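Peer 1: Below you will find the structure I want to go over with you.
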Amino acid sequence: MRDQHGGMLAASFVLVVEILENLAFLANASNLVLYLSKFMHYSPSSSANIVTNFMGTAFLLAVLGGFLSDAFFTTYRLYLTSAAIEFMGLLILTVQAHTPSLKPPICASASTEIQCEKVNRRKAAMLFTGLYLVALGVGGIKGSLPPHGAEQFDDTTPQGRKQRSSFFNYYVFSLSCGALIAVTFVVWIEDNKGWQWGFGVATAAILASIPVFLLGSPIYRTKIPAGSPITTMFKVLIAAVCNNCKSKNPSNAVMGMKTSPSSYTTETGEEGNATKVKVPSQTLTEDLEFLNKAVTEKTVSPMLQCTVKQVEEVKVVLKIIPVFMCTIMLNCCLAQLSTFSIQQAATMNTKIGSLKVPPASLPVFPVIFVMLIAPTYNHFVVPFARKVTKTEMGITHLQRIGTGLILSIIAMAVAAVVEMKRKKVAIESGLLNSAEPLPITFLWIALQYLFLGSADLFTLAGMMDFFFTEAPKSMRSLATSLSWVSLSMGYYFSSVLISTVNNITSIFRHTPWLSGSNLNHYHLERFYWLMCILSSLNFLHYLFWANRYKYRTESTAD
């Protein structure tokens, strides 16, 4: 009921919950590699791989969370279930960190020649059980919480659509709030008070998020599941293939459905209030005509009988996939912030006055930038754009994503120039082969964090809003989860790209670009220029699809 359910108040509970949830997730993920190497006695490379696989799996499982939200559970129930699963995983990790008998013995020897006792199978099984319960819970939450918040707004009114766009901006802001607490306060606790206390804070945070979420129960709008959207997609695709193969048969003609290039306007009512909106037409459109054959009088099997609505919904999903693919390169650039950027900072002067900042705290920079930019964008940039363009959104979803892609190109160029400056200082000061800090402040690295943090805000918020708004109602949670899949694939692609670059450059040179223990001997600036070029080509690819895309849900009037 419009007067009693939904709105910004209901969505505010979701934003507070996201702060707590992201705090619980990143509090351990950001510093987990240290716990695995120092206390579980995994090698540095094994520790890094475990963390990468854990993070990648958590974000990929967001697809499962989105699918279950659409098909079987409501986003409301799935969040509660996923939060309980993450709580169980964190509780297992807390108990293990607190109990000496559940960890390998402390390695007392300072000699590198004496190997520390490795974690045995039983203790490793407990560790991985806890980690992947956390990953499963995080995936369910990432796949259900953003669409649950977006569902609180009425997309049949201009005000509702504007508020939903603001919600996604503040969702990214809430992510950053949780991350800020995680990489400062909780990491300090882990390093100074013990990992059992760090895991304990994360466990308490996810537990506290459950009653906070439940407080909004009386005013939530909740979408009822409409069955498996993936089943519908496969049915349409299989029916189209089968019927195209039988297209020579006259009896297999399309059921009197004419194609239409656009939609029509109709009056729809909600709780007795008529609203004029643009809805998909009941005729087959000319886009992706191959799929139109899925609607026929006679099919190979009654199970493959498709409606016009189902065909048009599948077309919408297929048309947003190219946009999703174009965002992977940006997330590949973001992956550098947690790898090479931190290693660069470690070779530089990390003092700010008398305060020495650990390089691992560099993620604070993009977090703070996003927290400053998000309100500015929402309260100043968007209203100004609405006045200039005379449109409801001011800046369209695809324009926001495109802005993020442009900023990522600038970020990689800046990163390359800063690396050239860093190496020049190393050469001029005679510290090229030294482990001493270079006489150059690590704040130069903050420049690339500024641009990539801004790019993340524009693209992540734009992607979520775009996928949720454009996707059919039956698969909105699944579509929104593509934002997290893009992040996961970006991290994986970064690893593949580094390996490929090293393999190719080792053919033409004795030493690959990115190999060895001394970062000063890397050709990191060349790698960043390569990323800049690839990002530019990716942006041209994005322009091709963005210019061809026609919005499905434009309103007929503001």
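Just so you know, glycine gets a Cβ as well, placed from its N, Cα and C.
Keep in mind that TrEMBL annotations are predicted by a computer and have not been checked by a curator.
For reference, TrEMBL lists these features for the protein:
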REGION    256-276  region 'Disordered'
TRANSMEM  12-36  transmembrane segment
TRANSMEM  48-68  transmembrane segment
TRANSMEM  74-95  transmembrane segment
TRANSMEM  168-189  transmembrane segment
TRANSMEM  195-215  transmembrane segment
TRANSMEM  316-340  transmembrane segment
TRANSMEM  360-380  transmembrane segment
TRANSMEM  401-418  transmembrane segment
TRANSMEM  438-461  transmembrane segment
TRANSMEM  482-507  transmembrane segment
TRANSMEM  527-545  transmembrane segment
Peer 1: Should the transmembrane segment (360-380) and the transmembrane segment (482-507) be scored as in contact, given a threshold of at least 3 Cβ pairs under 8 Å and pairs 6 or more apart?
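Peer 2: Contact criterion not met.
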Peer 1: Any contact between the transmembrane segment (527-545) and the transmembrane segment (316-340), i.e. 3 or more CB pairs below 8 Å with pairs at least 6 residues apart?
Peer 2: yes
Peer 1: By a Cβ-Cβ criterion of under 8 Å, what residues six or more beyond either terminus of the transmembrane segment (12-36) are in contact with it?
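Peer 2: Non-local partners: 42, 44, 46-48, 50-51, 54-55, 58, 79, 83, 86, 90, 93, 97, 134, 138, 141, 145, 148-149, 152, 167, 170-171, 173-175, 177-179, 181-183, 186-187, 190-191, 195, 198-199, 201-203, 205-206, 208-209, 212-213, 215-216, 360, 363.
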Peer 1: So if I exclude everything within five residues of the ends of the transmembrane segment (195-215), which remaining residues of that chain have a CB under 8 angstroms from its CBs? That is, six or more out.
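Peer 2: Distant Cβ neighbours of the transmembrane segment (195-215) are 13-14, 16-17, 20-21, 23-25, 27-28, 31, 35, 39, 79-80, 83-84, 86-87, 90-91, 93-94, 97-98, 137, 186-187, 189.
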Peer 1: Per the 3+ Cβ pairs under 8 Å rule, pairs at least 6 apart in sequence, do the transmembrane segment (316-340) and the transmembrane segment (438-461) touch?
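Peer 2: The answer is yes, given that the two segments have at least 3 Cβ pairs within the 8 Å cut-off.
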Peer 1: Below 8 Å between Cβ atoms, which of the listed ranges 48-68, 74-95, 168-189, 482-507 makes the most pairs with the transmembrane segment (438-461)?
Peer 2: 168-189
Peer 1: Would you kindly list the residues that approach the transmembrane segment (48-68) from elsewhere in its chain, counting only those six or more residues past its ends and only Cβ-Cβ distances under 8 Å?
Peer 2: 25, 29, 32-33, 36, 42, 78, 82, 131-132, 134-136, 138-144, 147, 228-230, 477-482, 484-485, 487-488, 491-492, 495
Peer 1: Near the transmembrane segment (74-95), which same-chain residues lie under 8 Å Cβ to Cβ, leaving out any that are not at least 6 residues past its ends?
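Peer 2: For the transmembrane segment (74-95), the nonlocal Cβ contacts are 17, 21, 24-25, 28, 65, 68, 102, 126-127, 129-141, 143-145, 147-148, 151, 196, 199-200, 202-203, 206-207, 209-210, 213-214, 217, 220, 222-225, 477.
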